[in-house]
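Heads up: the structure comes next, in structure tokens.
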Amino acid sequence: MGRTTEPGSDEAVLSLSLDGRITDAGDGTRTLLGYRPEELFGRPVEDVIPEPGGLLSGPRHDLGATVRSDSAHFELSCRCADGTVFPATVTVWRSMEEHGLTITAAIRRLSTEDKLAGAINLVGALVRSSHDAIIAADRDGMITIWNPAAERLYGYTAAEMLGRSRSTLFPADGLQLEEERFRRTISGSHVEMFSAVRRCKDGRLITVAATISPIADAQGHIIGVAGFSRDIGETNRAQSMFRGLLNALPMGIIGIGEDGLIRFVNPETERLFGYAAEEVLGLPVEHLLPRSGTAGESLQGVRKDGSRFPAEVSLSPIDVGSETLISATVVDTTARIAAEAEHTRLQQELNAALRLESVGQLAGGVAHHFNNLLAIIDSHAGFVAEELSGPVTGASYREALTDIAQIRKTVDRASEYARQLLAFGRREVARPVRHDISRTVADVYALLSHSLGDNITLTTKTHQDLPPVVVDPGQLEQTLVNLALNARDAMPHGGRLSITAEPCTKSAPGARPSRHVKIRVTDTGTGMPADVLERAFEPFFTTKDPVSFAGMGLAVAHGMVTAAGGEISISSDPGRGTTVVILLPTDDVLEPRRDPDETVPGNGAETDGRHTILVVDDEPDLREVVRRMLGKSGYDVLTAANGHEALEKAGAHAGRIDLLITDIMMPEMSGTELAEQLREAREGLPVLFMSGYAAPVLAEKGTLAPGTILLQKPFRKQELITAVGNVLSVSV
């Protein structure tokens, strides 16, 4: 062993193997531990040192890894042979012996003096390491302790302040109060945390939070005072800034404790709810913001006068040290809700204005063609007048018939243009028929070939065996015109526009393949970036100048195609153009409504006059035309200019009335109202409505109301007589 002790020594020396077992022991173990040396051989060190702590902090099998320096000191508890435990200091060192590395541990009983010295050293270390300034003074007020934190806080070194009066730190106007605190402390009282002003070495005055306590000796005699202090000036400034910010916020702030009671409110909260702060502090927060009893119901604030306002509340935690408060931010949304409602109203008005302007744009283009059509009608009417003004010959008669046929053909074209305007304004009912798309493509070409501009080349191509589709021809034509106008606007410097139609088969997983007609509209224009392409079908979305009121073409196309049971898609590349693809389903089974030019068999023969028909229309010329058509077909006709006159004539007519033919939209009383009243007196009276457009009463999202029989104006005699015959045959 590298160290020996004499018998009776208060130190016991042990030799340890690297795995922590005792290999040798000095005679001091007899006196200090009560063991004979040979009794300890081979025992684990834990028999002597029950909790080795840092001594065995390394691997248990390698004590040499723990003791790396020449020596190490520990304060541990040791156990004697009789089981008693005593505090001890254990000094451990390593040495190289003949048989290898040896660990030696010297155990020495820790005396009272050692404990006291250790405690003093610990207190000194605490004082030196404290972040708070610690100052002690004797009974005369002379400073005896001045720690490093005091040096940093006040600027004086310990050498400058030890033996100096503590009053050095006090401003003149605070001396009396500080002396009073000192006397209270010397008499045995503690002065708890208080705020005070102190003077630094450089003359600055700072605000500190401080405490003063008496210092007593072992006999309990007070020998001085000790004080702790810290600078709270920054804290006060931060708190003041926080209060200023809190008071300036334009929304209510409510601080809520963990118990749900209100801890603080800012001035805006007082203004919002009408309470003074002291009136609500300590009340449950539900007093101001009651819980909603209905799921999804908006939160409401309750003012002092009982009135309520819509409130938007957001919550966030605030850690204040002793507890976590909840900060509730409250905003009165009354003004915002009103603004949103006003915004919605203005948006609706704008949308209406945009629709009207959009209608105006289309009307401007159609008006040009109307003028041409009117010129044609007027010219041919003049020809007829010339041909019939003199002696009528076979040649003049044939020429008159030719001119009349041309007039009727031109009227049909005008009717289609009018229906385009009505459909665009959503005032026309959709009237799908089995239709050959080739005709529409040809009509669009005729309409646009000379109106798109000399720098745009329009080409069309349709498959020769296109199957028919069930669609409203006028709306389809309007859709293609809209797409063509969009393409024109995308080619300000000219380009190519093509419209093609071909049959195709559409397949979907789990469904049978279905036949469709694919219409493709392609331009070589500027194209659209991805963000614009995503919104292309939104109503009123446009990249054009807002004052142009554009943005309806694709939205209208989408609505028409969807209503027809089809699909529409768009692809585009900036600088390379745009392609719109429309898929319309074919229908080879449905018996559709036919185009007006087709001959309709059945129920068109002239009658023997046994039926009486009441005709009601506020347009006198049209009423007379209908009367003549029916009269020439053998019907007895009663006419009325409005609903009230119709009721009077029906009441005065003693005979039967077999059919009511009425316009839908008339002043004072609509056609539907008239029909309802007449049916009260004449149960089961058949009704045939006629209209140039469908009123909201009969049209919902572009389809006829169930059970409504409508004759679309303008109509020809054959259509009228056929419709009358069909209605009467059903009612018989």
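Glycine is no exception: its Cβ is also placed from the backbone N, Cα and C atoms.
Model, not experiment: these values are computed from the prediction.
Listed features, source TrEMBL:
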{"type": "DOMAIN", "residues": "1-51", "note": "domain 'PAS'"}
{"type": "DOMAIN", "residues": "119-189", "note": "domain 'PAS'"}
{"type": "DOMAIN", "residues": "190-244", "note": "domain 'PAC'"}
{"type": "DOMAIN", "residues": "238-282", "note": "domain 'PAS'"}
{"type": "DOMAIN", "residues": "365-588", "note": "domain 'Histidine kinase'"}
{"type": "DOMAIN", "residues": "612-728", "note": "domain 'Response regulatory'"}
{"type": "MOD_RES", "residues": "D663", "note": "4-aspartylphosphate"}
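Mean pLDDT across the domain 'PAS' (238-282) comes to 86 in this model.
In this structure, the residue listed as '4-aspartylphosphate' is part of a beta strand by DSSP. Within the same chain, the residues at least 6 positions away from the residue listed as '4-aspartylphosphate' whose Cβ sits under 8 Å from its Cβ are V616, D617, D618, E619, G671, F689, M690, S691, listed in sequence order.
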